[in-house]
Amino acid sequence: MTVIALAAGKGTRMKSPLPKVLHPVAGRPMIEKVIQASKQAGAAEVRVIVGHGQNLVRQVVEPMGVACYVQDEQLGTAHAVRCAKPETIEGVVVIMNGDHPLIEASDIKDFVRIFRDEKCDLAVVTAVLKNPGEFGRIVRHKGDLAAIVEAKDASAEALKIREINTGIYIVKASVLSEYLPQISNNNAKKEYYITDLIALCIQDKCRVQAIQSTPKVAVGVNNQLELARATRLLFKRKALRLMEDGVLMIDPRTVYVEESVEIGAGTVIYPNVFIRGRTKIGSFTVIESNAFISDCEIGDSVQIRGGSYLESSKLHNKVSAGPYARLRPETEIFEEAHVGNFVEMKKVKFGKKSKAGHLTYLGDAEIGEEVNVGCGTITCNYAADKKKYKTKIGNRVFVGSDTQFVAPIEVGDDAIIGSGSTITKNVPAKALAVARGKQFIKENYSAKTAETEEKEQV
């Protein structure tokens, strides 16, 4: 089986400089969804027709192992298929649009199976819609496919038909090679339409069939509203699958999980959560409202409190983060550690059972086990030379509130750092380090100040 994906159009109704097929649907370009479904369905080869913005399209699709064929002028769907050199293909050919992101591998497999079982020469996939709109109508005679009539050319009677052409075709390569050159552009737009292939095959009494499918396969994307609808449907599909696998969603309508995300059974997700990228989440984890998680690895029984923002980080089992924690790339939080509210970390290894409860920034740091990091602690990792330096803190260290570590610096095991300190030198194990201005007291100072001010006013 070979798939030809049509992706050369400008997509002018998108009103965007980005080629239409590259617009993201639930996190990935829609053409990528079509290619992925084709490969999962067993396609030996996928040929993508490119044209408008072809360099950008190639950057996305060629790493997926597909071949690109150029349609320099957009002269219709049949012309696009010609550009794929069908005479070099053998077996079964599936033709579909690159802007149908809801197509699944199981759909393609079913279409090809029916095509083969019915010994078809050509088949068109159809669907019955409540509002057929501008879709081409399927005209049947005694149940068999008789013609496809475009909406703009249809009579009032034909417009009442609700069965439509989805734009997906399955055809023998030999039939495609024979009849494709016979398609003319004798129409108002002077374009070559793939639907004319049906008429030619019916005329020559080829075995032509209409395979009726579900409305989802008809969901194409031509404007931003349709893009949003397709995205919503994909998020809904993902949410349903996760819930079937044992994930609890308080309100799945407001949970947005991209297809690439993996989540274990028993995990609870509150409303208004977005999880994307290559994220993997274990079992019995709780993710509270307004959390954003991207490309993270999260273990079992983790607590992610509301408003937390996590990206490219790893959280081991029984970690708690937030509310309003921010974990930036290359951060790793080990078992049973706690990252509290308004704590930000970047490039940090935060040890087992360590705690940073509030209002803290740790960057380019290695923090040992069972460390207590007091409120307002900062690792000063960025120097005037525009280089970043590392802070290393050993096990069981107590860091008092409002401490600054001026990197590069190391603190040994079991050390104590006094509150309000600016630490600029290494601290040995078990040592006490205090670096702050000496406190002094002036007795009755406020009373004397008030008396002076009163005299000045007189």
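Even glycines carry a Cβ here, placed using N, Cα and C.
Listed features, source Swiss-Prot:
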ACT_SITE  HIS358  active site, proton acceptor
BINDING   6-9, LYS20, GLN71, 76-77, GLY136, GLU150, ASN165, ASN222, ARG328, LYS346, TYR361, ASN372  UDP-N-acetyl-alpha-D-glucosamine binding site
BINDING   ASP99, ASN222  Mg(2+) binding site
BINDING   ASN381, TYR382, SER401, SER419, ARG436  acetyl-CoA binding site
REGION    1-224  region 'Pyrophosphorylase'
REGION    225-245  region 'Linker'
REGION    246-458  region 'N-acetyltransferase'
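Features recorded in Swiss-Prot, as mapped to the structure shown.
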| residue | record | Cβ contacts under 8 Å, 6 or more apart |
| --- | --- | --- |
| ALA8 | UDP-N-acetyl-alpha-D-glucosamine binding site | ILE49, VAL50, GLY51, HIS52, GLN54, VAL70, GLN71, GLN74, ALA80, CYS83 |
| GLY76 | UDP-N-acetyl-alpha-D-glucosamine binding site | ASN185, LYS189, GLU191, TYR192, TYR193, ILE194 |
| ASN165 | UDP-N-acetyl-alpha-D-glucosamine binding site | VAL124, THR126, PHE135, GLY136, ARG137, ILE138, ILE148, THR195 |
| ASN222 | Mg(2+) binding site | GLY11, ARG13, MET14, LYS20, ASP99 |
| ARG328 | UDP-N-acetyl-alpha-D-glucosamine binding site | GLU311, SER312, SER313, GLU344, MET345, LYS346, LYS347 |
| TYR361 | UDP-N-acetyl-alpha-D-glucosamine binding site | VAL343, GLU344, MET345, THR377, ILE378, THR379 |
| TYR382 | acetyl-CoA binding site | GLY363, LYS388 |
| SER401 | acetyl-CoA binding site | GLY374, CYS375, GLY376, THR377, SER419, GLY420 |
| ARG436 | acetyl-CoA binding site | GLY418, SER419, GLY420, SER421, THR422 |
**OP:** If we count other C-beta atoms within 10 Å, could you say which of the binding-site residues ASN381, SER419 has the fewest?
**Re:** SER419
**OP:** Tally every other Cβ atom lying within 10 Å of the Cβ atom of the residue listed as 'active site, proton acceptor'.
**Re:** 16
Original post:
If you run through the region 'Linker' (225-245) with DSSP, how many residues end up as helix, strand and coil?
Top reply: 20 helix, 0 strand, 1 coil
Original post:
For the region 'N-acetyltransferase' (246-458), what's the model's average pLDDT?
Top reply: 96
**OP:** Provide the number of Cβ atoms within 10 Å of the Cβ of LYS20 (UDP-N-acetyl-alpha-D-glucosamine binding site), excluding the reference atom itself.
**Re:** 28
Original post:
Which of the three DSSP-derived classes (helix, strand, coil) applies to ASP99 (Mg(2+) binding site)?
Top reply: coil
**OP:** Translate the DSSP assignment of TYR382 (acetyl-CoA binding site) into the three-state scheme.
**Re:** strand
**OP:** Using DSSP reduced to three states, classify TYR361 (UDP-N-acetyl-alpha-D-glucosamine binding site) as helix, strand or coil.
**Re:** strand
